[in-house]
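Asker: Sharing the record's features from Swiss-Prot:
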DISULFID  CYS22-CYS37  disulfide bond
DISULFID  CYS31-CYS43  disulfide bond
DISULFID  CYS36-CYS50  disulfide bond
DISULFID  CYS54-CYS58  disulfide bond
DISULFID  CYS92-CYS154  disulfide bond
DISULFID  CYS166-CYS174  disulfide bond
DISULFID  CYS273-CYS305  disulfide bond
DOMAIN    20-60  domain 'Chitin-binding type-1'
SIGNAL    1-19  signal peptide
Amino acid sequence: MKEIVRALEGYGPPKDKAAEQCGWQAGGALCPGGLCCSQYGWCANTPEYCGSGCQSQCDGGGGGEDGGIDLGSIISRSTFEEMLKHRNDAACPAKGFYTYDAFISAAKAFPAFGTTGDVDTRKREIAAFFGQTSHATTGGWPTAPDGPYAWGYCYKEELNQASSYCSPSPAYPCAPGKKYYGRGPIQLSWNYNYGQCGQALGLDLLNNPDLVATDRVISFKAAIWFWMTPQFPKPSCHDVITGQWSPTGHDISAGRAPGYGVITNIINGGLECGRGWDARVEDRIGFYKRYCDMFAVGYGSNLDCYNQTPFGLG
């Protein structure tokens, strides 16, 4: 039976704490030990913290409903290899970088990842995560061997590195000479994302952004951090795919309904969503469907974001 961890003052902060512990109030930090992060930015695993408004790790126990599911039972080494079949092709710049062991090691830092909900939900989350990240790192083309959706994880860095992706920020100032272009599976970009991610992982990624493209475990951790972390007004990708996100009336009027399409909106909605049919969105869906088929799970509804208003724009 899981130990119940309680804050000293119910919904509010413990008396001996001066600042919030997690969530958007703490730069996207996750609670230790898989604890729930309440809507107010505090850690515990009581219903008050894990229920309505919970920001992350909302199963509260660091290991899914059964208290300790092994992620390896959801995605085996052989499945990983088949999903990312051509990632080590000689033509792929990331050849030899992304490994199953690095993925499993990184995932241990996020106990709710791939372990929330029933088995189908867990499989669907892994399919969605790799669907989005495979698109971000794809080396495929329409007539590629085994099809375009067998070429995810071919890249670990953005091809166009001319932009510094530096947005003035007192909280996450850009380091001299550093660029925050896309790196890793999720193609983490912008100084504020590197800053928040670094805080959550205990790393100085503002001064060392290349760690996301040179350390294979950190690379996966950065991608999973982005996946697990809500950034207002966006929910987390994790909460969407596991059914823990409920759209507000504003979301509904903007066409944002639960499903894989909202995850695309979270990741790159400003460029891809609300524009009608888009080849990039279609590519994301193609990867997702291939992986769902491999896991023998349904796709769910609302796969695209063609008619969704991007978050923050309406």
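Including glycine, each Cβ sits where the backbone N, Cα and C put it.
Please situate the listed features within the shown structure.
Answerer: DSSP assigns CYS43 (disulfide bond) to a strand.
Close to CYS58 (disulfide bond) in the fold, though at least 6 residues off in sequence, lie CYS36, CYS50, ALA112, THR116, ASP239, GLN244, each with a CB less than 8 Å from its CB.
In the three-state DSSP classification, CYS154 (disulfide bond) falls within coil. Here the Cβ of CYS154 (disulfide bond) has 21 other Cβ atoms within 10 Å, regardless of which shown protein chain they belong to.
Every protein chain considered, the tally of other Cβ atoms within 10 Å of the Cβ of CYS166 (disulfide bond) stands at 16. According to its DSSP assignment, CYS166 (disulfide bond) is coil.
Counting every protein chain shown, the number of other Cβ atoms lying within 10 Å of the Cβ of CYS273 (disulfide bond) is 29.
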Asker: Go through the disulfide-bonded residues CYS22, CYS37, CYS166, CYS174, CYS273, CYS305 and tell me which ones have a CA within 10 A of the CA of CYS43 (disulfide bond).
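Answerer: Qualifying among CYS22, CYS37, CYS166, CYS174, CYS273, CYS305: CYS22, CYS37.
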Asker: Across the domain 'Chitin-binding type-1' (20-60), what is the average pLDDT of the model, as a whole number?
Answerer: 75
Asker: Given the disulfide-bonded residues CYS22, CYS37, CYS92, CYS166, CYS174, CYS305, which lie within 10 A of CYS54 (disulfide bond) by CA-CA distance?
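Answerer: Passing the 10 Å Cα cut: CYS37.
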Asker: Determine, using Cα-Cα distances only, which of these disulfide-bonded residues is closest to CYS154 (disulfide bond): CYS22, CYS31, CYS37, CYS273.
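Answerer: Considering only the listed disulfide-bonded residues, the nearest one is CYS273.
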Asker: Return the single residue from the disulfide-bonded residues list (CYS31, CYS37, CYS92) that has the minimum number of other CB atoms within 10 Å.
Answerer: CYS92
